[in-house]
Every structure is written in structure tokens, then in C-alpha cells.
């Protein structure tokens, strides 16, 4: 059986994140839990749960209760997770972490193509990143190559005439 490898918080990022981020990652590592396992207990997507750990997604009171119980962390130390997140400050721009840079590169290389196709399909507007869902899946093709499948689902918001 393959060993489960866990995502952890890099020390160089900790100062840019909320205090509860370190607490959550330490408890996650100690309990040997994946984001998938935590998400299953919370009834949330694993990307949303990871976003909570990085301070980019607001947690509900129920999320805090469940995290406290699952991770063995006092609720009081997680109480600020229900505050409004200060998004977009967790890393430098452009990104320097290779995987995150590849995602940035996808937008650099295909952003205008996405825009053109979306404008043709939906009209003049934008895809919301607020009324939004995302998912990450793993696929293995017929040749045995592993592929990452990232789904981005955002509500279409047409620009209004004023």
C-alpha cells in the first residue's frame, strides 16, 4: 500500500498567513489527515478546506466546531476563521512556487483564449470567483500517464449598461 503524503505549511509562508493556519497544519500533520478526509467530515470540498487552512476561505461556526473536534484544537484558537478573509496575500506575484506558477502560466498563455471563447458563448461579462466552485481530480490515461483535472465553475456575470 502506498504511503499517504500530507501537505504541510512551509515555514517561509507562515508569517503571511493567519495564526490559525500554523495551528491547523500542525494538527492535521499530527493526526495524519488529508484534506480529502477533513473535507469529508466537514461536508465541504477539499479545495475549500485547504483554502480555510491558508486563510483564503471563510469558515462557518459549524466548520470551526467540526475542525476543533476532528483535529483536537480548542475552538477559541480557531474563532477568527469566521472573520472576513484577507485574500490574495499568501504568496508573491508572480508566484515562485513551481506548481502555482504553472497555474499562473496557464492564465498567461490561455487567458485571452478563455476570454474570447467565453465572450462568444455568454456575451460581455466575467466569470465570478465569488459565486464559484472548484474541484481537483486525478486521472490515469490508457498509457498509464497521470493527469491533473482542475474544474473551475463560476457564475457568469454580464456587464450592465449604465
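The backbone N, Cα and C atoms fix where each Cβ goes, glycine too.
Copied over from Swiss-Prot:
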ACT_SITE  102  active site
ACT_SITE  105  active site
ACT_SITE  128  active site
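What Swiss-Prot annotates, mapped onto the structure for a quick look.
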| residue | record | contacts (Cβ under 8 Å, 6+ apart) |
| --- | --- | --- |
| 102 | active site | none |
| 105 | active site | none |
| 128 | active site | 154, 155, 156, 157 |
Translate the DSSP assignment of residue 105 (active site) into the three-state scheme.
helix
